[in-house]
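Trainee: Have a look at this one.
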Amino acid sequence: MRPVILGLTNTKIGNLQALAQFLSNASKSVSGTLADILSPSRMIIFGTLLTTLNKPMFAGSGYIYATFGTVVTLYWVTAGKVFDRMSKGVREAPGKALIGELAAASGDRPEGAFGLRQAMATAGALLGASVAGLAYKLSGQSYTVTFALATIPATLALLLTISAFGDSAKAAGAAKKAAKEAKEAASGGVAEVQLSLVQKGRALVGALQPAYWQALIVVSLLYFARFDASFITLRARTVMSKAQLPLLTSIIMVVQAFLSAPAGIRAKRSLKDRNQVLLLGYVAMIAADLSFALVPSMIGMLGGSFFVGVHMALTHGVTLGMVASYIPATEVEGIGRITGTCWSFTDFVFGIILAYSNSVAGRLSDITVAARAGNIGCFFGGTLATLLSGTALILFTQFGSLGKEDALTTRKPAKA
């Protein structure tokens with residue numbers, strides 16, 4: 001079957017990506033709160049179901065084009081793209097909330113779990129891309145066959161998710177109903193005082209200790225250094241051929257896949273180990289930025305990509321684990337469970353930071369291009385952001401709450 005040509009301009013493609021990204025962030029914001037109401041397990045199952053249902057939409061685009069024409073196909077593909085991003089957003093906050101709650105229930109810290117999550121996600125992306133490329137080649141470059149085959153791992157993921165979390169979702173619903181009945185019985189028929197929206201907001205903010213806000217500041221500063229990879233590509237294109245550019249992404253992902261889990265395991269040992277892993281990751285980020293900016297050669301680009309992979313492996317899962325360590329994993333009086341809502345808010349903040357970081361990176365790059373220094377301003381900006389984040393981490397550890405063991409919501413029980 002011939003490829004379907006929709007004739008989209010770059011502007012329309014950009015608008016489609018923007019719409020999908022916006023709805024993805026919106027679904028993240030809603031899914032966390034719904035996870036607190038319905039349970040994270042149910043939202044994860046629902047998000048995985050959406051992903052499974054989404055795959056046949058792309059596989060069937062050729063049939064839609066042949067039957068209904070270009071206009072209908074355009075709407076079909078747009079809906080599929082938006083659907084895909086939303087399904088990922090639906091799973092994001094509940095997934096993080098569930099990891100934090102499971103870590104708290106086990107008496108362990110979440111850095112190791114988030115590190116393993118990152119390693120498996122990266123390895124899965126690498127394997128999935130490789131299998132998809134092989135399927136595309138063996139099927140005679142058929143997108144229909146390639147996307148149809150993608151429904152197999154999606155279906156397996158859905159079955160695994162239901163098997164792993166189906167019982168816990170039912171148990172969560174039963175426990176919530178029992179708790180409500182017990183509370184009504186204890187009140188002796190007296191109506192429970194309902195908090196207003198403003199009162200609930202105050203209770204939510206009050207439940208988040210200073211350590212959470214300090215961790216949020218540290219990670220937000222770091223996210224200013226994580227502008228889009230397209231800036232790396234723009235820099236690399238000046239010294240590498242187009243055929244060589246995918247090698248950079250492969251290096252970043254392979255390094256992450258191998259190092260993320262060990263980094264998380266090391267970071268969960270103690271606060272000192274966590275901070276050492278993070279600071280080492282900060283050094284890797286600075287090394288990456290300086291390699292991209294000051295070594296305009298293929299070696300510089302490959303070295304920079306390696307250091308980016310090291311940075312992401314040492315910091316991404318660990319920073320999420322750090323934030324999770326300061327989010328209450330139990331119900332809060334007056335508002336109930338807040339883990340998912342906290343993650344929705346956290347992801348919302350990070351999303352704004354990442355969007356603004358790309359804007360700043362673009363402006364800094366334009367400045368250095370105008371000065372005939374090349375597309376390197378973004379990397380110096382990234383270095384500055386990394387230094388500020390590292391400084392904030394050290395200061396909050398020494399003089400704030402990030403260095404206090406009793407601030408953690410997930411602490412290992414004392415040995416008898």
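Backbone N, Cα and C define each Cβ position, glycine as well.
Automatic prediction, not curation, is the source of TrEMBL annotations.
According to TrEMBL, the protein carries these features:
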- 57-78: transmembrane segment (TRANSMEM)
- 119-136: transmembrane segment (TRANSMEM)
- 142-166: transmembrane segment (TRANSMEM)
- 203-225: transmembrane segment (TRANSMEM)
- 245-265: transmembrane segment (TRANSMEM)
- 277-299: transmembrane segment (TRANSMEM)
- 305-326: transmembrane segment (TRANSMEM)
- 338-357: transmembrane segment (TRANSMEM)
- 369-396: transmembrane segment (TRANSMEM)
Trainee: Before we move on, state whether the transmembrane segment (369-396) and the transmembrane segment (203-225) share at least 3 Cβ pairs under 8 Å, counting only pairs 6 or more apart in sequence.
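Mentor: Taking Cβ pairs at least 6 residues apart, the transmembrane segment (203-225) and the transmembrane segment (369-396) are in contact, with 3 or more under 8 Å.
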Trainee: If we call contact 3 or more Cβ pairs under 8 Å (sequence gap 6 or more), are the transmembrane segment (338-357) and the transmembrane segment (203-225) touching?
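Mentor: The transmembrane segment (203-225) and the transmembrane segment (338-357): touching, yes.
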Trainee: With Cβ-Cβ distances below 8 Å as the criterion, list the same-chain residues six or more beyond the ends of the transmembrane segment (245-265) that contact it, or say none.
Mentor: 111-116, 118-119, 122-123, 125-126, 229, 232-233, 236-237, 277, 281, 301-302, 305-306, 308-310, 312-314, 316-318, 321
